[in-house]
Amino acid sequence: MAAVNPPWAMLAELTHGCPLRCPYCSNPTELTRPSQELTTEQWVTVLAQAGELGVAHVHLSGGEPLLRRDLTEIVAGASRAGIYAQLVTSGLGLTRGRLADLTAAGLPSVQLSVQGADAASAELIAGRRSFAAKRRAAALIRDAGLPLGLNVVLHRHNLDAVDALIRLGIAWGAVRIELANTQFYGWGLANRAALLPTRAQLAHAQEVVERWRERTDTELVWVVPDYFDGTAKPCMGGWGAISLTVAPDGRVLPCPAAYALPLDLPNVREHSLDWIWSRSPAFQAYRGTDWMPEPCRSCSRKETDFGGCRCQAFALTGDAGRTDPACALSPDHHLITDIAARPGGDFVHREFTRG
Ligand code: SF4
Ligand code: FES
């Protein structure tokens, strides 16, 4: 077996519980119940193993990670393992005291999700009152001296507000605003028709972002959509190449959307992270280029985009080993163009909240 480079980043989905009900959520439609979640000790062990493996950066995410009462101990575990941690949160439940405990445990940064540029539009997406709590959370993070990142998932219902969203992020003191066009996995896939933007919306929003880049020091990250331009994204930087995801119940995935794939997912309750990364069949399945079919196999871009996204290939063709239909060279490309031409309908909110 060829030597495998270590992972650089880890997404720790501490819980699937969440106070919000966003229809674009990439969590699986079958959410992990709180009773199945890893214990504090298990998370601390996973983080120690991740540090030994070479992981340098962990996103502490969910769901809503603040629902874990032991979050401070988990942050301390990341800090002891020498891993830079970023808390990815809705901001609901963040208090001055909680943030002080987290920073004392070594938390160096926070990313706050925002669903819209004003309360009415944001709460229509989030499925509950939340905008004022987010504004308060942003102020707390700034007051604590932590770098604030804002994450906005974009879709048909908020793309026209990109200008206002950037203004909001700057006003709230964000050093970085991630404008991420919806990727259609989990709940997002179930709501795809209702969330798909139009080409005109995307083109306009991208122009707005370019104009802002010329006049702000805030870093603006534009995560491209892949249903529209005939190119496949280099998903995850390649399968099992740079990052891994640990699910609330300890399953380990090569990407956060791989729940849906027909893979035998290894679990940290049974295997070390080192074995999982370097030897488990799930991480070997699409690593490198040997698995590729034509047209990828003989394509000059195969080391650049890695044949696109396995989850998207599976969602659209039923075979995760096919070329991503987002690529114009794929024999299945018509599946994407047909879908992109037919946006419409209403979304349903994500269900399941932790009681
Ligand atoms: Fe990428 Fe495969 Fe398309 Fe070539 S054929 S551009 S490798 S997805
Ligand atoms: Fe899973 Fe792209 S989202 S490989």
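From the backbone N, Cα and C atoms, a Cβ is placed for every residue, glycine too.
Copied over from TrEMBL:
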- 4-219: domain 'Radical SAM core' (DOMAIN)
- Cys18, Cys22, Cys25: [4Fe-4S] cluster binding site (BINDING)
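When Cβ atoms from all protein chains are considered, those within 10 Å of Cys18 ([4Fe-4S] cluster binding site) total 24, not counting its own. Of all the Cβ atoms in the protein chains shown, 24 others lie within 10 Å of the Cβ of Cys25 ([4Fe-4S] cluster binding site). Look at Cys22 ([4Fe-4S] cluster binding site): DSSP puts it in coil. Excluding Cys18, Cys22, Cys25, which define the [4Fe-4S] cluster site, the same chain contributes Leu20, Arg21, Pro23, Tyr24, Asn27, Gly63, Trp187, Arg350 within 8 Å (Cβ to the Cβ centroid), listed in sequence order.
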